[in-house]
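> Take a look at the following structure, please.
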Amino acid sequence: AQDSCSHQCGELLGTCSCQAMCQSLGICCPDYNEFCLQISPYSGSLMGGKDFLIENITLNTSVLTCRFKQKIKTSGYVGKDGKAHCISPLLYETGFVPFEVSTDDGLTFPYSGTWLSVHHSKVPDGEKCTLVNETKWQYYGTSNTDGNLTLTWTHQALTATHINIEVWGYQETGDSYSENWFAEWKYLYTLARETPNTGAFSFIPVPAKANYNTWDFGILRIIPSTYSDGQSNTPSVWSSAHALAWHLGEDFRNDPIAWATAKCIEWDRKEEKLPNFLEEITDCPCTLAQARADTGRFHTDYGCDLEKGSVCTYHPGAVHCVRAIQASPRYAAGQQCCYDSTGAQILTQDSTGGSTPDRGHDWGSPPFLKPPRIPGFSHWLYDVISFYYCCLWSDNCHFYLKNRPSSDCRTYRPPRAASAFGDPHFLTFDGLNFTFKGHGEYTLVESDLTSLRVQGRTQQACFPNGTEAQVTGLSAVAMQENNSDVIEVRYSDDLNLEVLLNQKVVNFSEQSWMDLKGLFLHSAADQNITVMFSSGSGVEIRGSGGFLALTVLLPEKFMNHTQGLFGVMNGNTEDEYTFKNKTTISVHASPQQLFEFGANWAVENGTSLFTYDTEFLLNNFFYGEKHNASFLPVFFPYEDPADPLVKEMVLLCDSDPFCRFDVLTTRSLQVGNSTRLSHQNHKQLVENLEPVISCGWLDHPTNGRNDGTNYLLGSAIRFICNQGYELIGSKERICQMTGVWSGEIPNC
């Protein structure tokens with residue numbers, strides 16, 4: 001039917017709509033709720049086996065087929081209450097995956113929705129079974145590690161009286177970095193059969209049968225006993241992926257150090273034959289301040305986080321580590337950077353606590369599905385199990401560090417930042433600031449380099465007494481790069497931040513991090529939204545006193561490739577006020593002239609990224625003018641010495657001109673304070689992103705050692721010879737402005 005959502009969810013039909021925003025506009029097709037599925041929970045591990053409820057339909061059938069990505073079928077069922085359920089499949093990818101439902105044995109699939117597949121480590125602990133004392137499982141059979149092992153789980157997670165516990169192994173077969181390289185999770189054997197579903201199981205592990213005991217990386221799966229061994233896509237509770245020390249063969253148990261040493265040497269030989277991924281990974285930020293400020297390209301490494309007490313098991317001496325967000329282009333490799341309490345980088349060349357890059361990026365990378373891009377598991381195979389062989393089960397860490405040396409920061413270039421906040425004040429990439437109080441929708445920045453577009457909507461603010469002020473502020477920001485998903489962040493009616501993904505509201509109740517098309521999206525607990533595009537550009541948005549505060553970070557490659565209200569990023573402020581037709585006005589332009597410059601960057605309907613899902617937005621921004629020329633703001637607020645607010649303003653704002661301006665125009669100290677904090681944050685960010693000169697790591701002389709591990713501008717490294725040796729050459733070398741060490745190479 002022309003006005004039916006059967007097979008048409010997400011489409012705009014001739015007479016009605018099957019898009020998510022049809023509900024708030026009241027233009028949905030009559031059967032929208034019947035065919036376009038809402039599910040709970042909406043996310044689960046890429047390992048599959050998660051039972052999810054389809055909330056909005058009741059079916060009078062007992063047979064359901066669920067189909068993911070138009071090819072992977074799993075069986076669904078209808079509960080006693082008539083509600084339909086699907087079981088999620090094993091997927092070798094993360095992100096939103098389309099699914100459909102059939103009620104006629106798979107002939108037609110008229111119902112559809114999306115499922116969010118997430119990295120296995122991002123699944124809440126309650127949904128996994130727990131390896132009690134996980135270290136014991138992963139060291140079992142090494143010295144002083146034996147006895148019982150215990151597995152616990154939430155027994156309500158499976159509606160079964162008896163369960164089976166299975167062992168699965170992960171492998172990648174075929175030729176490395178070729179078309180015929182494949183990933184496989186394989187059922188190995190059943191560890192326990194017909195066990196009561198009590199939520200706990202203990203056993204004394206014995207070496208597995210010969211054809212299984214060579215699998216050293218894997219996972220446990222608990223399923224109802226009614227299913228057959230290794231049956232795919234059944235309701236399941238998985239453990240964490242781990243090193244399978246506990247089931248390895250007698251050869252491991254008899255001499256674990258010799259076994260692990262042999263494995264380590266074999267791994268080292270394999271590495272020598274593989275392409276060198278180190279050449280294409282990005283260098284690390286030079287300082288902890290840079291690493292935490294460059295949020296478009298680096299994100300906290302959960303294994304070593306300053307905000308969570310710096311528990312850095314694998315990196316002794318570090319207080320914080322970050323990982324590069326994007327995998328390297330060709331080999332999908334990952335970068336890690338660790339820092340000590342002084343904020344300096346820790347390198348493996350100096351300390352075992354140094355950061356180690358990864359042949360496989362832990363988060364995987366699009367298009368996923370094949371090695372080396374499988375989220376979590378490719379990384380385990382190349383970078384983690386080898387760490388067990390060389391560093392944890394034997395004392396051969398030098399082999400590991402030889403293949404995974406830290407990168408220093410000689411080629412690192414910090415990004416540039418631009419911000420907008422308050423009664424919109426704009427701070428450009430080149431450091432100019434101005435106030436533009438237009439009412440409408442404007443291009444903040446666009447770039448021909450990656451088709452990046454960031455657009456801002458400004459709306460009128462209200463005085464504390466409820467009347468409208470001649471003041472505007474950012475109320476929504478929308479963005480896209482190349483053909484990525486479109487993200488919009490806006491204030492909802494109840495003044496909470498609302499995020500839209502391709503015009504549909506995103507729910508962060510289950511997942512705060514999402515792998516999307518061309519970008520990653522992160523929502524921090526304090527309503528701080530970060531969008532990380534694949535080019536390395538980043539956008540941060542936070543709610544701030546009724547307006548949005550926005551920061552855009554662009555890597556150096558965007559130099560001379562930007563235009564819009566944030567100006568031309570090229571280190572020269574003279575051309576900041578460049579119009580669409582490339583004409584410019586003086587940096588000393590009057591507020592009225594700046595108003596014309598701003599109006600020139602109004603977006604057009606054809607290029608707007610915004611969602612118009614209410615009558616208000618349609619009338620005021622879609623059908624209305626993109627720049628409301630009849631709205632005239634206050635250009636010069638008057639400071640009346642007799643005004644009691646002025647005294648409080650001086651105390652609050654001190655000399656901050658933006659804070660003073662906003663208190664006077666909005667009559668609100670709260671708005672002024674938010675502006676002051678946003679301005680401070682921006683200044684701090686720019687300071688943290690100042691370039692730092694590094695001369696690179698210095699090797700110690702043969703038969704001697706170095707005193708000092710800081711390789712940044714002004715640092716001195718002294719050389720000390722072993723007893724009986726004498727120093728020839730420079731006793732000390734200093735890192736100079738040119739990025740070159742003073743003196744010459746010493747010898748002992």
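Every residue gets a Cβ built from N, Cα and C, even glycine.
Not measured: the values here are computed from a predicted model.
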> C721 pairs with which of C659, C695, C748 in a disulfide, per TrEMBL?
C748
> Can you tell me which parts of the same chain pack against the domain 'SMB' (1-40), counting only residues 6+ beyond its ends and a CB-CB cutoff under 8 A?
52-57, 86, 101, 108-113, 115, 503-505, 611, 613-615, 618
> Do you know the DSSP helix, strand and coil residue counts for the domain 'AMOP' (256-404)?
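When I sort the residues of the domain 'AMOP' (256-404) into the three classes, I find 53 helix, 17 strand, 79 coil.
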> Could you count the residues of the domain 'SMB' (1-40) that DSSP puts in helix, in strand and in coil?
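Helix, strand, coil within the domain 'SMB' (1-40): 8 helix, 6 strand, 26 coil.
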> CB neighbours of C721 (disulfide bond) within 10 A?
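Within a 10 Å radius of the Cβ of C721 (disulfide bond) lie 18 other Cβ atoms.
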> What is the number of other Cβ atoms found within 10 Å of the Cβ of C748 (disulfide bond)?
18
